[in-house]
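Just below is one structure, and these are the notes that go with it.
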Amino acid sequence: MIGTAALFAQLKLRLIAGALRGDLQRKLGFVLTLVMAAGVAVLGFGLMTLVRLAPRDVATDVVIVAYTAILVGWMVVPLLAFGLDDTLDPARLALFPLRTRDLATGLLAASATGAWPVATLAVVAGALAGLADGPGGALVGLVAVLLQFALCLVLSRLVTTSLSGALRTRRGRDLLAVAALFVVLLAQLPNLLLNAGLGDPGAMLRGAAGVLRWTPPGLLAHAMADGGLTGLAEVAVVALLVVLAAWLWIKALNRALVTPDASTQAASVREGGGLADRFLPDGPLAAVVAKELKYLRREPRFRVLWFSAIAVSGVIAFSLSSNTPGGAGPWLPVAVTSMAAVMIALQSGNLFGIDGPSLWMNVMAIGSEEGFRTDLAGRHLAGAIVATPLLLVVSVAASLFTGHPGAIPLAFLAAWGALGVGLGVGAVTSVVIPYTVPERMNAFTGAAPGQGGQAFASAMGAFAGIFALSLPLAIPIALGLGWLCAVAPVYGLLVETLGRRLGATIGFARMPELVAAVSKPT
Amino acid sequence: MTDAVRTHALLKRYGPQVAVAGVDLVVPAGSFAGLVGPNGAGKTTTLSMVTGLLRPDGGRAEVGGLDVWRDQLQVKARIGVLPEGLRLFERLSGRELLLYCGRLRGIPRADVERRAAELLRVMDLEDAAGKLVVDYSTGMRKKIGLAAALLHNPAVLFLDEPFEGVDPVSASTLTEVLRRYTASGSTVIFSSHVMDLVERLCDWVSVMSGGRIVAQGPIGEVRGGHSLNEAFLRLVGGPRTGGDAGLSWLGAQPASPPASGEEG
């Protein structure tokens with residue numbers, strides 16, 4: 001047993017150390033992770049110790065909430081980052097002659113090894129210093145700390161193992177890619193609530209702790225504060241729960257090891273020409289628009305991008321309108337809607353990134369600069385077809401919300417201009433600084449390993465370009481010449497056309513390099 | 001008659017490493033040509049440069065007498081390509097993929113639909129035509145890739161490892177289609193490791209090793225009375241050591257069962 005555990009812990013250390021042999025970026029990432037984990041450990045431990053200064057009941061509440069948050073983090077984060085840790089997928093180990101019990105011990109040992117587990121242990125142990133009283137409290141508290149750590153490990157494994165079958169199928173991964181976004185948004189929720197000034201933090205803490213009091217982490221935190229017989233009973237209950245979870249996990253592991261991969265059995269999709277073929281003349285343009293619209297619907301990375309564009313503009317709109325002193329002027333809906341348009345257009349700053357390695361098919365079919373221009377036009381048109389109704393909704397909502405219904409047409413027209421400018425700039429950045437969008441996006445990177453710099457440069461370039469090219473209209477509009485909004489769509493179209501032509505000239509000349517840049521392994 | 005493919009001193013470097021060191025590939029029009037060579041010989045790199053997917057560091061490539069890089073429009077209309085790795089537009093169904101490829105080349109929709117339907121039938125992909133390419137198996141991907149490469153009726157077809165990982169049924173479908181295609185006077189160039197297959201299908205063979213062409217010509221001449229496999233091993237320098245050195249433990253019966261780990 002000990003041998004297996006040590007072996008797996010070594011395997012995990014080797015895997016971590018393997019990052020050190022990679023290129024500079026991976027080394028930097030490794031160092032950054034270490035620094036962050038150390039920071040979290042020290043800061044967390046310190047904060048948890050400081051709880052002692054708070055009144056007793058508040059301290060208990062804080063620890064209850066913190067323990068629950070840590071446990072939830074352990075359950076959710078590995079799921080979103082599935083694939084980061086090679087020891088997480090039991091299928092990799094299925095062929096080794098290991099009994100399930102040995103395997104389970106080993107996997108737990110691997111889970112407990114690493115920078116983040118150590119950081120977790122430090123934070124969890126901080127509560128001991130912050131909450132426990134007397135020798136009884138210290139003893140019960142020590143057990144509680146170890147149980148909380150074990151609970152994190154076992155439940156995290158239970159979740160990834162029972163979902164590992166689903167995670168290996170295409171559909172499961174597609175769903176998860178979008179789900180990851182919801183978690184990121186959810187993390188923004190407390191921030192937004194506090195910003196909006198709903199309720200006081202003290203009451204919210206009491207409410208949350210009251211709900212979480214009887215969850216396993218809540219029991220542990222309470223036991224630590226209690227330190228008497230009640231505490232002992234609570235610790236015993238959680239210990240039972242840990243054993244039960246471990247047993248469930250071994251069952252799930254057994255099943256996962258013998259369940260075949262069924263990911264290639266898929267149903268047909270709904271086909272049909274749709275919008276593009278009804279309104280566009282037959283030809284390459286209609287083909288590109290039809291393909292792009294299908295991709296927008298079916299490709300999870302597109303779903304994530306569009307969803308985040310809308311969510312980010314929502315957040316911006318919310319904070320802009322609630323933080324404006326003395327009520328919002330009619331410029332606000334115009335600004336908000338234009339901002340949303342820029343957010344949508346920014347997705348087009350790397351038009352070929354999602355096509356990725358399949359872009360060669362386009363390259364083989366496109367033999368002239370005009371063909372490349374058509375490809376760009378089709379992509380822009382498809383984006384505009386989806387963006388138009390969205391921007392209409394945003395302009396109406398923003399105008400009504402700020403009490404300026406008269407601003408609806410202005411906001412919508414200005415947004416069209418912003419969209420055009422964004423697409424035009426994006427056409428150029430797409431061919432000058434292309435980069436691969438990884439198959440599985442997470443909240444931390446939007447580019448293939450080694451291309452983070454390109455992604456950053458592309459975004460910055462797009463921002464700078466959009467900003468500079470928007471000024472000729474944005475400044476007079478901001479100064480009160482609202483009617484200029486009517487000119488905005490024309491201006492946007494002009495910039496889009498110029499950008500598209502420039503992009504096609506540059507892009508056609510460097511098509512092989514373009515394919516290479518978006519075909520990096522991820 | 002001009003050659004279907006002719007390259008002059010084609011060169012590609014990756015940093016200090018020379019992947020293709022001056023290749024003069026010649027393939028006569030109408031031939032079924034095999035490009036063979038060990039791993040890392042530069043086959044894929046050569047094919048990528050001839051098809052315009054990779055920019056050469058030196059030399060020229062011509063297809064049907066037209067320069068691949070100067071006359072892109074005409075060359076691209078004349079060639080069909082199935083590169084290795086099979087990256088296709090994954091989120092289109094098989095039928096949609098064919099429609100997209102055909103229409104992107106400016107073929108009218110009605111024509112593309114007819115051709116796609118026939119190709120799907122011949123490739124035995126009718127049942128899977130409505131499924132997303134991302135859910136296809138390797139054999140199905142090779143077949144849909146070949147269908148996409150044939151859709152615009154190219155004069156020269158480039159295939160990189162078309163039979164790798166393909167089941168025997170799909171492989172025979174693929175060879176059948178290719179035979180019919182060359183019988184009409186079109187040219188096929190494919191790279192492969194499988195000598196038997198090259199020997200069976202091809203009438204022209206080019207052997208690459210270490211980034212160069214080491215032999216090229218009608219298959220009978222290159223073979224010179226041996227099997228192609230023997231001729232190939234002789235040309236590229238065969239197995240360097242005897243197979244019997246070392247590995248004496250392999251296949252020996254263990255004296256006792258191996259230690260079964262810790263007993264808990």
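For all residues, glycine too, the Cβ spot is worked out from N, Cα and C.
Residues or ranges marked as transmembrane segment in TrEMBL: A:28-50 (among others).
Per TrEMBL, transmembrane segment is recorded for A:62-82 (among others).
Sequence annotations record features per position, and here TrEMBL assigns transmembrane segment to A:103-131 (among others). Same-chain residues lying 6 or more positions outside the transmembrane segment (A:103-131) and placing a CB less than 8 Å from one of its CB atoms are 1, 4-9, 11-13, 16, 33-34, 37-38, 40-42, 44-52, 59-60, 63, 66-67, 70, 74, 85, 87, 90, 93, 96, 137-138, 141-142, 144-145, 148-149, 152-154, 156-157, 221, 224-225, 246, 249-250, 253.
Residues or ranges marked as transmembrane segment by TrEMBL: A:137-155 (among others).
Annotation source TrEMBL lists transmembrane segment at A:175-194 (among others).
What TrEMBL records for A:229-250 (among others) is transmembrane segment.
Feature annotation from TrEMBL assigns transmembrane segment to A:304-322 (among others).
Beyond its flanks by at least six residues, the transmembrane segment (A:328-346) meets 306, 309-310, 312-313, 316-317, 320-321, 383, 387, 390-391, 394-395, 398-399, 401-404, 406-408, 410-412, 414-419, 421-423, 425-426, 459, 462-463, 466, 470, 474, 477-478, 482, 485 of its own chain at Cβ-Cβ distances under 8 Å. According to TrEMBL, the feature transmembrane segment maps to A:328-346 (among others).
The transmembrane segment feature in TrEMBL is assigned to A:381-401 (among others).
According to TrEMBL, the transmembrane segment annotation covers A:407-435 (among others).
The transmembrane segment annotation in TrEMBL covers A:455-475 (among others).
Look at TrEMBL and you will find A:481-499 (among others) tagged as transmembrane segment.
Note on the transmembrane segment (A:455-475): residues 338, 342, 345-346, 349-350, 414, 417-418, 421-422, 424-426, 428-429, 432-435, 445-447, 484, 487-488, 491, 495 of its chain, located 6 or more positions outside it, place their CB under 8 angstroms from a CB of the stretch.
Counting residues 6+ beyond its ends, the transmembrane segment (A:229-250) has Cβ neighbours under 8 Å at 100-101, 104, 136-137, 140, 143-144, 147, 150-151, 154-155, 157-158, 161, 216, 219-220, 222-223 in the same chain. Touching of the transmembrane segment (A:381-401) and the transmembrane segment (A:137-155) is ruled out by the presence of fewer than three CB pairs under 8 A, sequence neighbours closer than 6 excluded. Sequence-remote contacts of a segment are chain residues at least 6 beyond its ends whose Cβ falls under 8 Å from one of its Cβ atoms, and for the transmembrane segment (A:62-82) they are 48, 51, 54, 88-89, 120, 123-124, 127, 130-131, 148, 151-153, 155-156, 159-160, 163-164, 167, 176, 179-180, 183, 205, 208-209, 212-213, 215-218, 220-222, 224-225, 442-443. Same-chain residues lying 6 or more positions outside the transmembrane segment (A:481-499) and placing a CB less than 8 Å from one of its CB atoms are 330-331, 334, 380, 409-411, 413-414, 416-421, 423-428, 469, 472-473. Sequence-distant contacts of the transmembrane segment (A:407-435) (same chain, at least 6 residues past either end, Cβ-Cβ under 8 Å): 330, 333-334, 336-342, 344-353, 376, 380, 383-384, 387-388, 391-392, 394-396, 398-399, 447-448, 451, 454-455, 457-458, 461-462, 465-466, 469-470, 473, 477, 482, 485-500, 502-504, 506-507, 510, 514, 517-518, 520.
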